[in-house]
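What TrEMBL records for 61-133 is domain 'Cation-transporting P-type ATPase N-terminal'. Taken from TrEMBL, the feature transmembrane segment covers 109-130, 142-165, 304-329, 805-829, 876-903, 943-959, 979-998, 1010-1028.
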Amino acid sequence: MSSVVDEEKAIVQTRSRTRELPGVNPRAVAIDYQTLSIHVDEAQRDKKKVSGPAAAIKDIQVHLYSTEEIYQRFSSSPVQGLEAAAVARRAQGGKNVISPPKNQYWKKLLNYVFGGFNALIWIAWIVTILSYEPLGRPNPAVFNLGVSVLLLLVIILSSLFYALVDFHASNIMKSIKTLIAEDASVIRDGKQQTIPARDVVVGDLVQLSMGDRVPADLRITIASSDLKFDRSLLTGESEMIPGTIESTSDNALETRNLALTSTFVVQGSCSGVVFAIGDNSVMGRIVSMSGDEKFKLTSVQKEVWFFTKVVSGIALSFFILSIVIWAAWLRKTYPGFETASGAIINSLGCLTAFIPQGLPICVALSLTIVARRMAKHSVLVKNLATIETLGCMSVLCSDKTGTLTMGQMSVQEVAFLDEQFDSASPFEKTVPTGFQALAMVARLCNGAQFEGASDDSVAVEDRVIKGDPTDTAILRFAEKLSVASSIDALTTDCKVIFEIRFNSRNKWMLSLVQEVDGCKTYMCVKGAPDVLFGKCTSVANADGASVSFDEEALAKIHATQHAWSNDGLRVLALCRREVDYTKLEKMSREDLEDLMYEELQNLTLVGLLGIRDPPRPSVPPAIALIRRAGVRVFMVTGDFKLTAVAIAKQIGLVTTEKLDTLDDMHSSEFSKRFVNSPRHLMHPNEDDGVRALVVTGAEIATFEEADWDTVAGTYTEIVFARTSPEQKLRIVEELKARGDNTVAVTGDGVNDAPALKGADIGIAMGAGSDVAKEAAAVILLNNDFASIPIAIEMGRLVFDNLKKVMLYVMPAGTYTEFIAVLGGVFFGMQSALSSYLQVCFSMTNDVVMSIPLMYEKPESDLMLRKPRNARTERLTNWQFFFQIYLFIGLMMWPCAMSMWFYWMSLQGLSFYDVILVYDRWEDGYKGYTIEQLTHFVSVGQCIYYVTMVIMQFGGLLAIRNRRVSIFQSNPFWGHRRNLVVPISMTFTILIAIVNLYGPGFQNVFATSPIPGKFWGLPFAFATGILMADEIRKLIVRTYPHSFVAKMAW
C-alpha cells in the first residue's frame, strides 16, 4: 500500500485540474445538496412526508439492489451493455442535458417596473397621455404632456430603487451545460464506444477512469479497490469519497455505490449502469430546486407591501369614485364645469395625491445608509432588505468553537491513569515513557500538517500548520515533545498506510500506522472520550505500563475528564492497539474500512489531552447586550456536555448555577404547560424567571413534539451539546415553528450551511468556509461575535427610521395633497394644488427632507425593547395612522388650505366666491378675465405648495424622536446632533425656488412667483406643529398610562 500522504498529493493535483467549473456556483449547489440529504434522512428515519426534489431522491432505490438486479432491471449486461434497439427506444426520452434554471430576469423586471405604487402611477401616466391626446383635442394642454413625462420619470426612478432593494449578491449559473461531461465511454452491443455525453441513455454501461467526469447518475457495478470520487461540487467538502459496489447508507445522497453527475473520478476506475440522466439526475434536481425556489419576502418587504396595498386600495377607490361622480352628476348638472379631459386629470389628482411616490426611494436609501453604517463595523449584509429582520431576532443559536471562543486552541493538560501534567511539565524534566505512545497517536492520527520544510531555526510556536484548530493544537504539542526529547525518532520511523478522517457522526479519527521495518502495525485513534471509553480494555500509566480498564480506573479517568470539562477544557482520548498486518495487506480499501470498524475495540487508552480554546473577551458583554435586547442566546455545539456548559457559564450565556436536564424538564410543571396551546403562544413569560437547560444530541433524537414545545416555550438559556449538522437544522426549524420566533444562526463550517440557510437570519464568520458564507445572509468580516448586537441595533434602527420616514411623508405627501385635490373634485372649486406640484413635492421635497431621518441615531431605549413580533407588530398600526391623519395631518391641511383662501381673499374673492363655483369659474366671473382667474389659481397652488414645504420643517423636527423633547435632542449640537437636517432644509427651499421662479417650469407647469409674506407665514405654522408635538410628548412622559400615551406611535 502506498502512504496516505502520497495518495493525497496525487489527488490534490488531479483535483486542481478538474474542480473548477465555469458558470457554476458550487457553494449554492453544496448547500442545496446538504439540505436535501438531511431532509431525505429525516423522511427515511421518521417516515415524514416530503415533496419536490427531496421526495424524488428519497424514492431512489437503485443503491439497495444487488448488481444482478441492476442489470436485470435496466435490461443491460456486464459484457454486452445495452442493445442498439434499446438505445434507440430510450433515446426518445430526451437528451442527457440539464436544463438551466428558469430565467427570472423578466419576472423581476416586470416587478420592478409594475410593482408597488408603480402600477397606479402607470394608470396615472396612461390617463395623462389620453388627456393630452385624443381627449385634449382640439387644443391639447402642454401641462398634461409635461405631467405625463414627469410620471414616467417617477416610474423609472422607482424601478431603479426597487431593483436596489431587491438586489441579492449571488452568482447565477450562466453555463449549465458545463455540468455534463463532453464525452462518455460506454459499452453497447458488446463493443466499447466513445459517444457524446448528451447521448447517454438510461441503462447504458459507462466506464470511468481517473480524471473522468461522471456523465450521468450511475449505479456502480464494478470498482477498483482504490476508487475515489471528488464530490466537492455537490458537497462543498474536499474530502475524497471512496466508491464501492455495496450500499453503505439508505440515503441515496450518502451511499458510496452511486456515482453522481458532475463529480470526478480522482483515483481508480469503475463501471456503472446509468439510472438517471439530465434533469432527472441528482444535479438536475438541485438545479431545478434552485431555479424554482420561491422568493421569500423579508419582514420589511412584507410591511411595505401591506402598506402599499392599503394606500393603493384607498387611492384607486377615490379615483373611481371621482370619475363616477363626474359621469353621473357633474357632467349633467354642470356641463361647463369640466371636460372629459379635465375630469380625468382632476380624478387623476386623487390617485397621485394619495400615493407617496417617493416612498420606494426613501426605503432604499434608508436601507443603504444603515448597510454602510454596518459595513463600518465589519458587518456585511448581502441583501439590503434583510437588515430589518436582524431587528426582529428573538433567538440566536450560536456555534461555540471560533464564534464564542477564539478558535486558537492549545494543549493545556495531559493525563495518564496515575498522573497528570500541565502543558509545560514534560519540557521541564525527563519525559515519562508513557509520552512515547501518546506522542505517536497525537502526531500520526492527525489531519494537520506543517507547511514547508522543517526549519530548526523557527520556533515550533511560529511554524505554520495547515489543518483544523484541534489537530493543529495537538500537532504543535507533539512537535514540541519531539524537540524536547527523543520521541521524534519513534514517529519518524512510522508511516500512515490508511486512515478514516474525523467526522461529526463518528466523533473519532483512526489511522493505521506501520513501522518502517514492517515489524509492527498500530491502530491509532483519537476522539471523544464518551465514544472511545467503551472500546477500551486497558489504560496506560505515565511509565507506559498498561493496566485493566476496570470500574475503578474508569471512575478515576472520568473524574479527570469531568474536572477538565468543568474548567472549560475540551477533552480528547488517545488510544491505540497493535493489529496483524498480514490480515490487511491484500484487502481492498472498502473491506479495510469495514474491518477497522469491526476492530475498533480492545484499545489501550494511552492518555487524555485537555485542550483550551479561550472565550473571546468581547463575547460576555456582547451576550449581555443581546439579552438586554430581549433575545435568547442558545449554544449549539458538537462538544462534550460539561465542556459546553463550562464555556457557557464563563461567557455569561448561562447565568444559573443549576441547569435542568431532560429528566428535570419531563418532571417539571412546565412539561404540560402548552398542551393544546397555539404554537405562537409557546414562549417564556416575563414572570417565569431565568430557566436553563442542557440537552445532548442523543436526547434530541428522542424528542417528541411536546418536548420541543417545552424547550421553546419555557427556557431562556439552553446548551445543545454533542449535536450533529442534521440536529442543528432541526433545532432551527423547531424553534421557528413556535412562539413567533425569528431565529438567527451563527456558524462557519460547511456542516453549518443547511442551518444557516434554514434560519430567518444566517450569520457567517468572515474566516469561515465559502459554503457557510454563501448560505448566510450576513457575514461578520472581523469574525467578532461582538458585532452581532451592533447588527441587531442597526436592524431595529432601520425599522424605527423607516417608520419615522413614513410618518413624515404621509401627512403632507398624501393627506394634505389629497385634501387639496378633493376640493376640486367634490366641492366645485379650483384645485388648490396642481398635479405637477403634487408629484414634484413627493419625489423631490419629501425625499430630500426625509434623508435626515435616515441618518438619525438610535434612541436611548432601542436596545431595551423586546424584539418586534414580525407577525403582529406592523410598521403601520392604528397609532401610526392616528399620528398621520388626526394629529399632524389635522394641523397641516387646514393651515395650507387657509393660506389658499387667504390669497384668494386678497384678490377680492371670499370663501364663498371660491367654493361650490363649478362652471361659473369662467371669463367675467366677479369681473375678472379668465387669464386673471388662471393666474390667481396658479399663484394659490404655489402658495399651497410652499406652505407644505415649510410646514414640513416642524413635522421633521417633531418626528425625529418618539418621546424625547427637541430641547434634549436638537439637530445642531449635543449627542443627538444631525447636521443633515439643516442641509436638507436648505435644499428643499432651493427646490421650491427653482419650481416657482424657473422660466421653463413656469411655461410648462404653470407655476408662478408668490408674495414674500407667503414665504414667512408658514414658519409660524411649522413652529405650532412642533410645539403641539412637544406638549404631546410631555404628556406621554409624565403620564405613561394616559390615553395620549396609548395613542402614541
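Note that Cβ sites are derived from N, Cα and C of the backbone, with glycine treated the same way.
Note that the structure is predicted; figures quoted are calculated from it, not measured.
Assigned with DSSP, the residues of the domain 'Cation-transporting P-type ATPase N-terminal' (61-133) fall into helix, strand and coil as follows: 43 helix, 2 strand, 28 coil. Mean pLDDT for the domain 'Cation-transporting P-type ATPase N-terminal' (61-133) in the predicted structure: 81. Stretch with the most C-beta contacts under 8 angstroms to the transmembrane segment (1010-1028), considering only 304-329, 943-959, 979-998: 943-959. When each of 109-130, 304-329, 876-903, 979-998 is scored by its Cβ pairs under 8 Å to the transmembrane segment (943-959), the top-ranked stretch turns out to be 876-903. Proximity of distant same-chain residues to the transmembrane segment (876-903), defined by a Cβ-Cβ separation under 8 Å and at least 6 residues beyond the stretch ends, is recorded for 303, 306-307, 310, 803, 806-807, 810-812, 815-816, 819-820, 823, 832, 911, 914, 936, 939-940, 943-944, 947-948, 951, 955, 958, 1014, 1017-1018, 1021, 1024-1025, 1028-1029, 1032, 1046-1049.
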